[in-house]
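Working notes, beginning with the structure itself.
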Amino acid sequence: MPLFKRRDGSGPAPNATIREKYDFRDVLGTGAFSKVFLAESKSDAGQMYAVKCIDKKALKGKEESLENEIKVLRKLRHNNIVQLFDTYDEKQFVYLVMELVTGGELFDRIVAKGSYTEQDASNLIRQVLEAVGFMHDNGVVHRDLKPENLLYYNQDEDSKIMISDFGLSKTEDSGVMATACGTPGYVAPEVLQQKPYGKAVDVWSIGVIAYILLCGYPPFYDESDANLFAQIIKGEYEFDAPYWDQISDSAKDFITHLMCCDPEARFTCQDALSHPWISGNTAYTHDIHGTVAVHLKKSLAKRNWKKAYNAAAAIRQLQMLRLSSNSNRLQKQASQQQPEPPTPAFHA
């Protein structure tokens, strides 16, 4: 039975298979359930696409997630969002015909650059804010903004930034969002606290990315997930000397408004776009590449703060820690026959 009622086009699905429409070339990437191929249109010679090929057997039980991703991508048409052009639902595989993006990941490109300034970082964040603001205006929350999902469109020096991977995205009309999801280090406090949340979680993630763009290392880091989450929930980060001494006060103010623990007080995308660090000329223009690149290389090598994770399982772990902590406290109270202050659930 087909997963999808129709292709991306307005008419009924054609009888032609994807391989009658496209020539498949090299494998661009491989995931747990899919491969991405370079493909050329047979009707428009030289027009190249990225085709995501998803095995239906591996997809079993996850159909709703894929349907959601396709629904979101069909809804979004923006200069800084990777486009979905077509879908093919065939016997063994589902195919997504996507815009081809060849410029590489954000942080890898910064490391390879010869020079890099605070103003460059401001321009990058502006593009992300414009795209995410467009998503939010259309009722879509990405929920997994991180450097790996920010790609350069091509190899040109002035290439635009593209947002990709909408696998965890959700539309506001699909109900209250409370599912724990995202990536360690980039997830907002309210998600970890299991509170209902909305668009503000994306703004927090942009704040984390902006922080890293200006120093090369993440604002929150710990080998222990429990400690990492405790830092995030409390909003415990610093603008460390000497690395932040060369960064403008305007940039620090901007980040503080994005990484605000209270989602109600946190900037919206429009608020952020109006901040002088984005809309004015307060971003410094001196070269910070040396410092940023050194730290980025170290951070990228660790990969611990980049890995994907099962947030629901992580939160269950934190709940167990809390229960264990409370149990130990009660046992100690009983043995000493005197009150004792509560043990905190987290340790930063």
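Cβ atoms are placed via backbone N, Cα and C, with glycine included.
Residues or ranges marked as active site, proton acceptor in Swiss-Prot (evidence: similarity to another entry): D144. Positions annotated as ATP binding site by Swiss-Prot, on the basis of similarity to another entry: L28, G29, T30, G31, A32, F33, S34, K35, V36, K52. The compositional bias 'Polar residues' annotation in Swiss-Prot covers 327-338. For 339-348, the entry in Swiss-Prot reads compositional bias 'Pro residues'. The region 'Autoinhibitory domain' annotation in Swiss-Prot covers 278-318 and is backed by similarity to another entry. Taken from Swiss-Prot, the feature region 'Calmodulin-binding' covers 298-319. Taken from Swiss-Prot, the feature region 'Disordered' covers 327-348. Here Swiss-Prot flags 7-22 as motif 'Nuclear localization signal 1', drawing on experimental evidence. Sequence annotations record features per position, and here Swiss-Prot assigns motif 'Nuclear localization signal 2' to 71-78. Residues or ranges marked as motif 'Nuclear localization signal 3' by Swiss-Prot on the basis of experimental evidence: 297-307.
On the structure: features taken from Swiss-Prot.
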{"residue": "L28", "record": "ATP binding site", "DSSP (3 states)": "strand"}
{"residue": "S34", "record": "ATP binding site", "DSSP (3 states)": "strand"}
{"residue": "D144", "record": "active site, proton acceptor", "DSSP (3 states)": "coil"}
Fewest Cβ neighbours within 10 Å, where candidates are the binding-site residues L28, A32, V36:
A32
For the binding-site residues listed (T30, S34), most other Cβ atoms within 10 Å of the Cβ sits at S34
Quick check on the motif 'Nuclear localization signal 2' (71-78): DSSP residue counts for helix, strand, coil, in that order please.
5 helix, 0 strand, 3 coil
For the recorded ATP site, enumerate neighbouring residues of the same chain (Cβ within 8 Å of the Cβ centroid of L28, G29, T30, G31, A32, F33, S34, K35, V36, K52, site residues themselves excluded), in sequence order.
C53, I54
Please report how many Å separate the Cα atom of S34 (ATP binding site) from that of the residue listed as 'active site, proton acceptor', as a whole number.
19
Across the motif 'Nuclear localization signal 3' (297-307), what does the mean pLDDT come to, as a whole number?
63
Quick one: pull the CA-CA distance for V36 (ATP binding site) versus D144 (active site, proton acceptor), whole Å only.
20
Around the Cβ of the residue listed as 'active site, proton acceptor', other Cβ atoms found within 10 Å total 21
Could you round the CA separation between T30 (ATP binding site) and D144 (active site, proton acceptor) to a whole angstrom and send it over?
20
May I ask for the distance between L28 (ATP binding site) and the residue listed as 'active site, proton acceptor', taken between their Cα atoms and rounded to an integer number of Å?
22
Taking the residues L28, G29, T30, G31, A32, F33, S34, K35, V36, K52, which the record names as binding ATP, find the longest CA to CA distance and state it in Å to the nearest whole number.
14
